[in-house]
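Q: This is the structure, below, for whatever I ask next.
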Amino acid sequence: MVAATPPPTSRPDPQILARLERLPMARPQYGILLAGGLGHLFQALDIVIIGFMLPYLKAEFGLSNGEIGLIGGAAPVGMIVGAVAAGLFGDRLGRKSVMLHALLLFCAASVSIAFADGLTFVIIARIVAGLGAGAEAAIVSPYISEFATGRNRGRFVSGVTFFFSLGNVVAALLGSFVVPLDNGWRIASVLCGLPVLVLLWWRRSLPESPRWLLSRGRAAEADAVVTRLEARVVAATGRPLPPVPATAVVPPTPHVSSSPSAVWRNGLARVTTATWISSFVFLFAFFGFFTWMPSLFLEIGVAPGLASLYSFLLFVAQPIGYLIALAVSDRFERRTLLVTFFSFATVSSVVLAVIPRDSVVLLFIGLALSICITCISGIFFPYSSEVYPTAVRATGAGLVSTAGNVGALAAPVAIGFAFGTVGFGGVFVAMGVLLAVGALVIRTLGPRVTGKTLEQVFADEAATASPDVAGTPAPAAVTEKG
């Protein structure tokens, strides 16, 4: 029987938030960032490694192309369910609990594939692995953002997304050097389950989000978390902490239930519309581009060896985009950055559609599109986790992730059918139109977030929708009252 949880409070504790907001970045926060980054790495590993395994699974079990397609589509289905579940449970049971159980689920399912004896077993295991990976990826950004300050939240959470590109590298290494061995796909499956060892570290060292604890009326526990974090920061830096403001000013926060329907109330309808549409568009473009570009190079006459090299370079360019996002996410308004990179990606996609079929020119425009798309990724994930209030932050981010996963699942199929009808140029014109829609909805419906506390972001958005809901907006950060 689950113990009753105290009812959520309508307002965060200003003193605890003030103490959290004034902390300098130090080793304890970077440890939290590393933990979150590993969650994204595991998701990338799960997405990419199966592509290397499929030919060997086909040979092992005598599968048809259609059956191989079922295996390829199993994990994305699990990710959609996992993202929704992570949001719902994350707002009710806590961020840390969901992270731990999602990782355990992913690791157990990954290892089980090593013992597969046929198609059905593999499909079920891949769905469960996707469920764990999708839940892990959906809960990480809300968790990380709740430890960051308004000054550095963009850079802090963008740093987590960089690990996604590292997961691609790990998957490529396993796929290239382990999977081709005798029973290599089984060995690789076991290796994919090794992150279970991370649970020992997470369970002992990761704190629960103090903002979530406050939202559930557990102020004493939140105070204990912040007190321990303060002590660790002092030990890491060797310097005393900045003083806590004499009077902590935070915006009044209206009560928000943790029901999924709450993402459409209290001024959040605009946010939800903007993030769902842009998430679908962005991940449709991301997975459509990186899944199909190698084949499209071949279809337009690029030599196979050169096509493989070009495809490799497109993946190598991914970390560049994440590093750019990391560098600029706190220097400029993140809404403006998203609009800018969506617009650049739109132009790159349309240019890719209309330029002559010169392979070198195609490569350079393709690299530009690759970098723009990963810049969007590095900024969008922080953005989608900071535009919802704490009571529904995990639910909101999970549903945004679900919308994106639907786009990721639809893209390879839609582009495959479209290519036969409209060709290379038509595919990238259509992708450009979708990316332009992403820029438009963020520009017209997305809130400004840079430099604000999480509480201020919601207060400003609620006040915009209905001044009576949020009251008078407070200063953008925790300040001292003179």
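Each residue, glycine too, has its Cβ placed from N, Cα and C.
Small disclaimer: the values here were computed from a predicted structure and weren't measured.
Feature table excerpt (TrEMBL):
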TRANSMEM  32-56  transmembrane segment
DOMAIN    32-450  domain 'Major facilitator superfamily (MFS) profile'
TRANSMEM  68-90  transmembrane segment
TRANSMEM  97-115  transmembrane segment
TRANSMEM  121-144  transmembrane segment
TRANSMEM  156-179  transmembrane segment
TRANSMEM  185-202  transmembrane segment
TRANSMEM  274-293  transmembrane segment
TRANSMEM  305-325  transmembrane segment
TRANSMEM  337-355  transmembrane segment
TRANSMEM  361-383  transmembrane segment
TRANSMEM  395-415  transmembrane segment
TRANSMEM  421-442  transmembrane segment
Q: Give the nonlocal contacts of the transmembrane segment (185-202) in its own chain as ranges (CB under 8 Å, at least six residues past its ends).
A: 35, 38, 42, 45-46, 49, 52-53, 56-57, 60, 96, 99-100, 103-104, 106-108, 110-115, 174-175, 178-179
Q: Are there residues at least 6 beyond the ends of the transmembrane segment (274-293) whose Cβ is under 8 Å from a Cβ of it, and what are they?
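A: Hits for the transmembrane segment (274-293): 310-311, 314-315, 338, 342, 345, 349, 366, 369-370, 373, 376-377, 380, 383-384, 387, 396, 399-401, 403-408, 410-412, 414-416, 419, 427, 431, 434-435, 437-438, 441-442, 444-446.
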Q: Restricting to the same chain and to residues at least six past its boundaries, which positions have a Cβ under 8 Å from a Cβ of the transmembrane segment (395-415)?
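A: Tertiary neighbours of the transmembrane segment (395-415) are 73, 76-77, 79-80, 83-88, 90-91, 134, 137-139, 141-142, 258, 260, 262-263, 268, 271-272, 275-277, 279-288, 291-292, 384-385, 387-388, 427.
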Q: Does the transmembrane segment (68-90) come near the transmembrane segment (305-325), with 3+ Cβ pairs under 8 Å (pairs 6 or more apart)?
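A: Judged by the Cβ rule, the two regions do not touch, with the required three close pairs absent.
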